[in-house]
Amino acid sequence: MKFSSGKSIIFATIASLALSAPVTYDTNSTAELQSPSSQEILGWSHATFPTIYQTCNETNARMLNAAFKDTAEITAYGKDRLLNYGVDDVYYKRWFGNGSIFTVMGVFEQLMEASKGAMLMRCDDIDGLCAANPNYYAGHHRQSAPAETVICDYFYTSKKPLSTICFEGTIVDVGPKHYAGIDMLHRYLHVPTMSMDGYVGEYAETLEEVVDYTQNNATYAVRNTDNYLYYLADVYSASVIPGGCLGNL
């Protein structure tokens, strides 16, 4: 079969485009094997992520990278909400009261763009705490190595991707740390370089205490880890279902 020179050019161009076009996937199972730092992170100019230690296998790494990407996505939603609605926003008032929006914005920036060069996520039960708490510990911060976090096997079976938010109960029912990306942010804040040596910390963990901080101690509402976690889950859920799926406080 013969082709005219014009048709030959067209076919050559199509072939060239086909060879140069990036491969895309309908699922994230292959993409998540890549480090999030090698991919575009919407909402952040210089997002950073911890190092995954060699004791984590391919499946561990895929799920941890997926959680890292969820941290970037949900904090971007939170930051965008702050910028667009400010301190008068119902979501802001619900979790930070009259606390400083500059503090909240700064914490989001710290979580996503501060250097994490020394932070390490490891998958070996080096301290034996995962085995000692098999259905409770999803991970733990290492006091003897402050930049290190151990991720237990329970993390992979108990923590869910953001894509499932609002489909397994309300946020009040399951808690924000039910979601891997939000749980990962709380693990970041156990690391002194991330928490600014405890400026942000787990000063109150129960929902009742978190709400009390909002209403009566806004200075600490903007310093309390769980206020951030509930805020992020609440705001993100509103992008899934109008009004979100917080549940009854």
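Backbone N, Cα and C define each Cβ position, glycine as well.
Per Swiss-Prot, the features are:
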- 1-20: signal peptide (SIGNAL)
- Asn28: N-linked glycosylation site (CARBOHYD)
- Asn57: N-linked glycosylation site (CARBOHYD)
- Asn98: N-linked glycosylation site (CARBOHYD)
- Asn217: N-linked glycosylation site (CARBOHYD)
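The glycosylation sites in question are Asn57, Asn98, Asn217, and the one with the fewest Cβ neighbours inside 10 Å is Asn57. You'll find the Cα of Asn217 (N-linked glycosylation site) roughly 44 Å from the Cα of Asn57 (N-linked glycosylation site). Rounded to a whole number, the distance between the Cα atoms of Asn57 (N-linked glycosylation site) and Asn98 (N-linked glycosylation site) is 45 Å.
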